[in-house]
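To keep things clear, I will list the structure first and then write my remarks on it.
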Amino acid sequence: MAAGGPAGDASEDSLSPRKLNGGSDVALSPFGASIGGSQASSLLKATSTLGALDVEQLGSGLPELRGACSAAELQVIARLASADHNFARPHPPATRNLLLAFWRWWKACLLPGMGMFSEAYIIFAIGNVEPLFGVTAPACWECQPEEAACTCNQTTVDNVKNVEISGVILGMLSFGFVADVMGRKWGSRLTMLIMFVGACLLTGAYGPTDQAFLSVFCFSLFFYAVGVGGEYPLASSSAAERAEGDPELRKRRGEMVVLTFSQQGWGNFVNSLVILLLLAMVGATGDVTPYQAEVTWRVQFGVGAVICFCVMLYRWVYLEESEVWKAEHKGVQKELMAEHDKAAMAGRRSWREQWVVLKHYWPRLLMTSLGWAANDFAFYGNKLFQSKFIAIISPGASRYVQMQWTLLNSGVALTGYYFAAYTIDRQWMGRKRMQCMGFLMMFVLFLFCGVFYYQMLDHAIQVFQTLYFLSSFFNQFGPNCTSFLVAGEVYPTDVRAFYHGISAAWGKLGAIAATSVFSQVSETSTFYASAAAGIGGALLTWAFLPDTTGLDLSEIDRAHRFMLAGQWHHYHGPAVKPRHLSLYERWRGYGKHYDLRLDEQQRKLQDMAKEEEARDVQAALADAQGPAVHAKGSSLEAL
């Protein structure tokens, strides 16, 4: 029987034949002893009968289960246990040393998010340094074609942000798929390698003409953005699985993922701070000269390259593979082989698995994709309006003063990540309520700004300023954090990164829509469009988002095994408990399958199957090793 867990692993790995010395069969016992010739043949023959759990001899211990399923179905259900997710490591003893305690917290919660820090530092830098490009090459970056000849293609200049977003989308889709095939460790290493090379290219970008520089800069930005895109599904999946593998962190999974994501906020904040300090250091607190502008933008990109290098070095030396992914990936491949999937039996990725997941989870994919798109539409609308906002509250401000306002806005947004992290796992809040609340608050705030825009500009600029900062706060204490989290929780482990990547890519399509729409409409229309995205996101969340607060990822993986085996209607565990389902899924009747009594009996059946398999393996080993042990004993007696 190819059951999950230790017994299944032993029978699959330890008893597989190896071809040695011209093709003779050799089997390896769990103790490392080689068994060859006729002994290997007898061992393989004995173990080939594993999986014959006699369901007719179950007795009266599982009455409801025997009445609900046929003998053939019970044979299948017996092998559908999820892999063991307990991979906890020893925790260090408690300490009163505040610095040591902070270091341990940073290492456990924030160090895994340094990839998000690196990507945010560079990505948000683009909007911060574009005005500096306008100082160094005004005929390129701030050209008005009707007033003077331009030295650059203005279509390219206008679409620099779209070049960046296109690279991010490519990285999300490609590395999301790669992470489910190659694993989290190698995916994370490759994304950071790309980001380091891209950051170096951005730092040293040069061209003999403005157009040549623009081309080099766009290529470097696209290259860097591919790594950025890969970081999204990898960071979310790795953080969720790291928490899932530790029983002490399992109920704080949302907190751990959001703290990882919070490094994005720190990357944005630190970049604004670095630019502000560099402007002060070169004496550009008033007007900025071309030399001061170039030194500032090159050095701040250089700082980002150093950060990328440090993170890359850590990942190549210390990063370990996700144990949860390894266990589930192996278990799913066994189940696909038990179902005689041709691709799995040939050692290839099975597209049947993708189809099964899409068939069952398309409403979730709709939610995580369009919900993220709605969030990014409003979020980028907020960011794109930032320069206009600063011009309104501080007319004629220098670049130095503008960066102070940008830093303040980044700091306000940063607090939202921590409000989200420390309430996301509370039963009174949870994922769904937080996302609905955030979207509704964005709807109210943006609608108020649109309706009373001119009145506030004339008579209540402080109110306008407060509303704008609140929109940044509730974007983080709401859909920006939850979109990143739930797209890595509502899907099975073996496809988690790919489906997270698809969802995140749709989010960036929302950002592209924002850059296209908001450049063509008035300020009030910008607020109305963002408000519409907020109410649309709230409705999608209410109808289609399941609440995974308190649900172990192992249950989603266990339900996945039932789907692959065509036994979805016989899954009765917590993954179909009504409180963990969306409104649409409850309407479809998925919650009717939840039955605690039947689920307990299925688990008992699966435990019995594992125990019987373990006994059969040991008996087969004893039969195969018996002659060899006897012969060895006779030789010792002769000596």
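Placed from the backbone N, Cα and C atoms, the Cβ positions cover glycine too.
Sequence annotations record features per position, and here TrEMBL assigns region 'Disordered' to 1-21.
Annotation comment: TrEMBL describes 101-549 as domain 'Major facilitator superfamily (MFS) profile'.
Residues annotated as transmembrane segment in TrEMBL: 105-126 (among others). A Cβ distance under 8 Å defines the sequence-distant neighbours of the transmembrane segment (105-126), meaning residues of its chain 6+ beyond its ends; these are 160-161, 164, 168, 188, 191-192, 195, 198-199, 202, 221, 224-225, 227-228, 231, 234-235, 238-239, 242, 256, 259-268, 270-272, 275, 300-301, 303-304, 307-308, 310-311, 314.
Positions annotated as transmembrane segment by TrEMBL: 165-183 (among others). Only residues 6 or more beyond the boundaries of the transmembrane segment (165-183), in the same chain, are considered here, and those with a CB under 8 A from a CB of the stretch are 123, 190-191, 194, 221-234, 237, 321-322, 325-326, 329, 349, 494-502, 504-505, 508-509, 511-512, 515.
Residues 115, 118-119, 122, 171, 175, 178, 213-217, 219-221, 223-228, 230-231, 234, 298, 301-302, 304-305, 308-309, 311-312, 315 of the same chain lie 6+ residues outside the transmembrane segment (190-207) yet bring a C-beta within less than 8 angstroms of a C-beta in it. Residues annotated as transmembrane segment in TrEMBL: 190-207 (among others).
TrEMBL lists 213-235 (among others) with the feature transmembrane segment.
The transmembrane segment annotation in TrEMBL covers 256-279 (among others). Residues 109-110, 112-122, 124-125, 128-129, 235-236, 239-240, 242-243, 249, 285, 288, 292, 295-296, 299-300, 303-304, 399-400, 403-404, 406-407, 410-411, 413-414, 416-418, 420-421, 424, 476, 481, 484-485, 488-489 of the same chain, all 6+ positions outside the transmembrane segment (256-279), place their C-beta atoms under 8 angstroms from a C-beta of that stretch.
The feature transmembrane segment is assigned by TrEMBL to 299-317 (among others).
TrEMBL lists 436-456 (among others) with the feature transmembrane segment.
Away from its own ends, the transmembrane segment (299-317) comes close to residues 111, 114-115, 117-118, 121-122, 125, 129, 185, 188-189, 192-193, 195-196, 199-200, 202-203, 271, 274-275, 278 of its chain (Cβ-Cβ under 8 Å, at least six residues beyond either end). On the 0 to 100 pLDDT scale, the domain 'Major facilitator superfamily (MFS) profile' (101-549) averages 92 in the predicted structure.
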